[in-house]
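Annotated active site per Swiss-Prot: Glu44, in sequence order. Among the features that Swiss-Prot reports, Zn(2+) binding site is placed at His41, His45, Glu112.
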Amino acid sequence: MIVLPNKVRIFINDRMKKDIYLGISNFGFENDIDEILGIAHLLEHLLISFDSTNFLANASTSRSYMSFWCKSINSATESDAIRTLVSWFFSNGKLKDNFSLSSIRFHIKELENEYYFRNEVFHCMDILTFLSGGDLYNGGRIDMIDNLNIVRDMLVNRMQRISGSNIVIFVKRLGPGTLDFFKQTFGSLPACPEIIPSSIPVSTNGKIVMTPSPFYTVMVKINPTLDNILGILYLYETYHLIDYETIGNQLYLTVSFIDETEYESFLRGEAILQISQCQRINMNYSDDYMMNIYLNFPWLSHDLYDYITRINDDSKSILISLTNEIYASIINRDIIVIYPNFSKAMCNTRDTQQHPIVVLDATNDGLIKKPYRSIPLMKRLTSNEIFIRYGDASLMDMITLSLSKQDISLKRNAEGIRVKHSFSADDIQAIMESDSFLKYSRSKPAAMYQYIFLSFFASGNSIDDILANRDSTLEFSKRTKSKILFGRNTRYDVTAKSSFVCGIVRGKSLDKTSLVEMMWDLKKKGLIYSMEFTNLLSKNTFYLFTFTIYTDEVYDYLNTNKLFFAKCLVVSTKGDVENFSSLKKDVVIRV
């Protein structure tokens, strides 16, 4: 670890795929409480800008921090990627503090699209922020557009909170020129922020929250000490369904269960977690997980690898102390309990955006202060991989699981999805057959539309057959190529339970690079949040799908795009009753 005079921390990580990865602690959307919710997320969207033909890049805003990364591709170099990312924050050697109203307006529209996307596909309910005075969704809404001047002032104010002590930088390689460049830019920031937030959010403990969830989860408040952080790292590397959350200066260990009986035993104090010592902790974490640790605990004064001897040599005492603290929090009701609930009728409170939820007090009724049993935890394996064809009965359940667990990777190709994970076969089956997970997986049917229409365009099956068998196997096979005949009609209007645009496009020079560039152009215009595309077996032919509330504008953009010499697009209007009748007459797919 290299520490600049203003406390910027720089790490060399030659194993990461990114060229540069930057995080800003104490800079997430928890800072929006008592201001306009969404300022942090809007700032993230305003800052990131790059040439998608030369770079891969992304950014994210969480409760307590913001992070950005950039990777060079094609003819660009690592140095180009570093300078590109730094340019998001600095202009002419000074920290950016000017945002045009037109750009703010476009990105607010994009935020509304992101809200729509996330609520169609996920359950984006942030319990901790809600209990701390925020909303269940804190990513920004379209009504921000009514206060553009106030929003711009808040954005400038937020930029002035950035300080050297907040900055963490990972680089793949660090030469003298790069280090000097960092000193001239992030190293020029003040060591302490010029503007300090007026309040640090504090959540309310002793609550039971009934909300959609794939698991029965208990958030246990523990002290944010070094030993407890090392204990969390130990548990995370060894077991599944254990993680942590932070808000303000508070730390919670999150423990999830698939068995309601075990969950209730843990809550009543009659059972403790069965934590056993493993052979060795290697700290072989992803760069995302490492960055999150440094940002959530900015007071860490050493490289995490400096603690590898301590976490292994002192693991017994660390885990005993952590186990005792967990049990004390259970007894004292320093917990937040999440109980899976999928009823739209049950509600006893709402946030300012009128999202309904049930919040109850966690009482001491039935509490047992002497545990007499232990609960086994799911152990991690080194690696596992499965391939699932489109239309397989387990497809959507596996996608749901990958979306709910950050350590599951999913890659899509023309025939199906390849999933990498570290579960045993028995554990993954137990999860996917559990009552709460099955309800959660089926509670957001919108994600299915992407695969329904991919099946329609790529398999040659009729829309009636696909809809009649949407939960069973629809074979994709390389043995037969679907010859797609593009007719005169380029638009087919349907009614579904989500608003989206999808279809197939063909172009002589069409490739993934041009489609990524197109996606970013649509994002800059505020018309979409993201666009998925799959390369079909027919030459230069792609399937596109995007959730959007601006369906006509997106259709017009795609319909007039000169990269496509043939297209067949489906435009869905949201409604209570599905109607795909327009697809039965004119769309011809010859196998």
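Glycine is no exception: its Cβ is also placed from the backbone N, Cα and C atoms.
All features noted in Swiss-Prot, drawn onto the structure.
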{"residue": "His41", "record": "Zn(2+) binding site", "Cβ neighbours (10 Å)": "24"}
{"residue": "Glu44", "record": "active site", "Cβ neighbours (10 Å)": "25"}
{"residue": "His45", "record": "Zn(2+) binding site", "Cβ neighbours (10 Å)": "25"}
{"residue": "Glu112", "record": "Zn(2+) binding site", "Cβ neighbours (10 Å)": "22"}
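Counting in whole angstrom, Glu112 (Zn(2+) binding site) lies 14 from Glu44 (active site) by their C-alpha atoms. Neighbouring residues of the recorded Zn(2+) site, listed in sequence order and excluding His41, His45, Glu112, comprise Gly38, Leu42, Glu44, His107, Ile108, Glu110, Leu111, Glu114, Tyr115, Gly139, Gly140 (Cβ within 8 Å of the Cβ centroid).
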